[in-house]
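A short write-up of the structure that comes next.
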């Protein structure tokens, strides 16, 4: 069944068509979609709805037919889902992701990926870029979420990327340590990582180290302010 928002859009389209804005055949198709509350044929959608609305309806139809998967929740915990990476490595990957997410929408689209590869000194063709996204595009939306971006390094570290893959090139040039380990083809990478990190204890140790570092920086700032106040007091006496 169509959502309330979709029904409102279709109703407005119908009203425009009834006033003479569209052909009579298109109006009949929209009336049928509103009355039935469901999408029956892709051809009818293309003819009766705008390009953006048609794309949304077609995607919903793909999901219903099992040809696509619903988009994952935007919020996830990379530290628990990608336990093979340390907090520092994930933060490095997050900084890189945000650097090239110029639209600040939480995704790297085709043009942003194009710019990334050019900046890394490995420009790709339009088809090459589309294939790069396709390799890790779990929700078939044609762009990379942060989770899908992490999958690049996950696959690189596990040796799951072909030598001529654009994603492997991205991982090699990213200057993130984990990509180098993966490119070396360490078959036991995940087992070695688990032993080295000691899982939860290592995770807690990294958090404590970050807290200690922030505490040290705060103490240094306080010391500098105290010295400044002493100097200022000496000059004003």
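Cβ coordinates are placed from backbone N, Cα and C, and glycine is handled just like the others.
Copied over from TrEMBL:
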- 88-123: domain 'EF-hand' (DOMAIN)
- 124-159: domain 'EF-hand' (DOMAIN)
- 193-222: coiled coil (COILED)
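According to DSSP, the secondary structure content of the domain 'EF-hand' (88-123) in residues is 23 helix, 2 strand, 11 coil.
Residue counts for the domain 'EF-hand' (124-159) under DSSP (helix as H, G, I; strand as E, B; rest coil) come to 23 helix, 2 strand, 11 coil.
Within the model, the domain 'EF-hand' (88-123) carries an average pLDDT of 94.
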